[in-house]
Each structure stands twice: as structure tokens, then as C-alpha cells.
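Below: one structure, written as C-alpha cells.
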Ligand code: SF4
């Protein structure tokens, strides 16, 4: 079927806000040569997260990804950078921003034997040393199924282990490059096995050609590996070269999905048109930690 351009619905329009907080964060990120997924992935929430909440998601291990997923705006190519000072600079930025909760993600570094796990571990340590009261969430790549690498990260006991499924099973090969639906589930299962009391989290974007039933099946697959937190958001095409949008879900449908998620036993479900993996992440930590501890 030929692709017909769909007009962006009202509920997806966001307000631009480049206030003092926004400018200050931008200046600090550049000053410390740090990258954020907020900017690199063209996140629609940047004006809210940066300007209103003064929060951002750090993207470590450089800004060039070895994969080229069809939904993602991050630059792809062959990275050269491996910067062992980066963990300390992230920790300083967390201190400067006075964050209570921080989210750290990375590009996929398939060129490195451990996929960058050692730098993730060093970043968690550095943040904790400078900011003992800040909770740390890591949104990790799949390390190509290198479970030793996963263990390196889990041994640092992040407050939340986040790894995204991104889409339903039937759309996975089309939407993602190299990542595998089953491997993602396996990673979440193993993370839980390694550290049962650490909440796990995963996200999907919808609007890429999945059915409603398939979204519900995905929830069940995630609960099948004891995943505690799920986030669901609308896929937005970052540029014309990226995957087309198949459907815009309404805010009401997102509310329904939230209920479906809770009915399946997630401790927390964040579901809304503009929800992203790290959107309102600080608010999810406590409820998930309490429920996970209660279920021990
Ligand atoms: S939702 Fe996440 S990625 Fe987007 S601006 Fe907020 S912190 Fe950054």
C-alpha cells in the first residue's frame, strides 16, 4: 500500500521552551563534552524535561552507534572513541544538576568485546561516589548476548535495569537492526536471575504496524521474564528517511493499555503518546522498588 502522509494529531504537539534551565543544561553538556539521548534521538520531550524538570538522559560511549535501527535518529557508523574520563564527567554533571535520579544509556558498541559494559560499570560507580543519594537507572544495549558483560553491569547494582524491546515480535526485524526479540527477553530474564531485587524495565513504541493483540502479547512476554516496569509511547518518525508511521494511537487507547499492563501484574506502567523510556523516570523508581521489595 502506498504510504500516505498522516497529519500529526493535536495531542502530539509540544511547546518549545528554551528558558534558563534549558540553556544552562545545553551549555554544561557541551562544556563537559557529554552527549544526551534527548538531543541525539530528537526526543519530543526535551523542552519539558530540560526546561521544566531539569532532567536529561546521558548517552555514553560516544555519539556514533554501530547499528542502524530504522526508528532511531542517532548517528551510525564506526566509532573510534573510548573515553575513560567520561564516567567522571557524567558524575560531575549529575552533581551539578542535583539529580535525585539519573538515567544513563549508550549507543550500541558492537566494535568492543564487552559492548561497553566496563564503562557502564565505571559510570555507575563514579555517579555513586559523588552522589550517594542519587538513584541510577541504566538503559543498556544487548551486548550481543554477552552475559558476562551483563554481569559486569549487574554487579554494580543499578537501581533500575532498563533494556528496551522497542516493538512487538512480528515487527522486530523490520524496526531494529541486529537486535533480536528473544535475546532482549533473555537479557531481562538473566538480569533478574543475577539480581532478583533490582527492578527491570522495558519500553515499546507503537504505531509501526502492530496489532492491539500483539501489544498485549508483548506485555505477557515481558511479564513472562518478570519485568517490573513497562513504558509505551507513540512512534514518531525522526526524519523522512526513517520508518513510516502506520498509526497514531489516541490518548484514550494509551489509557486502556496502561490498565491492561497493570492487569498483567507490572508494578508500574507509563503509557501515553509522548512517553519515552526515560520520561518521568524519577517518578517510577520508588513505586517499582517498593513493589519489587514486597515481592521478595
Ligand atoms: S523523555 Fe528522556 S530522552 Fe526525552 S527529553 Fe526526557 S529525559 Fe531526554
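All residue numbers here begin at 1 and follow the chain in the order shown.
Cβ coordinates are placed from backbone N, Cα and C, and glycine is handled just like the others.
Keep in mind that what you see is a predicted model, and the values were worked out from it rather than measured.
Annotated [4Fe-4S] cluster 1 binding site per TrEMBL: 38, 43, 49, 278, in sequence order. As annotated by TrEMBL, domain 'Radical SAM core' applies to 51-267. TrEMBL lists 65, 69, 72 with the feature [4Fe-4S] cluster 2 binding site.
What TrEMBL annotates, mapped onto the structure for a quick look.
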residue	record	DSSP (3 states)
38	[4Fe-4S] cluster 1 binding site	helix
43	[4Fe-4S] cluster 1 binding site	coil
49	[4Fe-4S] cluster 1 binding site	helix
65	[4Fe-4S] cluster 2 binding site	strand
72	[4Fe-4S] cluster 2 binding site	coil
278	[4Fe-4S] cluster 1 binding site	coil
Margin query: At a 10 Å cut-off from the C-beta of residue 278 ([4Fe-4S] cluster 1 binding site), count the other C-beta atoms across all protein chains.
Written below: 28
Checklist line | Listed in sequence order, residues not in 65, 69, 72 with Cβ within 8 Å of the centre of the [4Fe-4S] cluster 2 site Cβ atoms | finding: 67, 68, 71, 73, 74, 76, 107, 108, 176, 177
Next item on the list: Could you pull the average pLDDT for the domain 'Radical SAM core' (51-267)?
Entry: 95
Notebook entry, point to check: What other residues of the same chain, not counting 38, 43, 49, 278, have a CB atom within 8 A of the CB centroid of the [4Fe-4S] cluster 1 site?
Noted result: 36, 37, 41, 45, 46, 50, 55, 56, 57, 276, 279
Check: ligand 1: which of the binding-site residues 43, 49, 65 have a Cβ closer than 6 angstroms to it?
Finding: 43, 49
Note to self: Given the binding-site residues 38, 49, 278, find the one whose Cα is closest in space to the Cα of residue 72 ([4Fe-4S] cluster 2 binding site).
What the structure shows: 38
Check: So of 43, 65, 69, 72, which of the binding-site residues has the fewest other Cβ atoms within 10 Å around its own Cβ?
Finding: 69
Next item on the list: Show which residues of the chain containing residue 38 ([4Fe-4S] cluster 1 binding site), separated from it by at least 6 in sequence, have their CB under 8 Å from its CB.
Entry: 45, 46, 49, 50, 56, 57
Next item on the list: Round to the nearest Å and give the CA-to-CA distance linking residue 65 ([4Fe-4S] cluster 2 binding site) with residue 43 ([4Fe-4S] cluster 1 binding site).
Entry: 17
Next item on the list: Write down the Cα-Cα distance for residue 69 ([4Fe-4S] cluster 2 binding site) and residue 43 ([4Fe-4S] cluster 1 binding site), rounded and given in Å.
Entry: 16
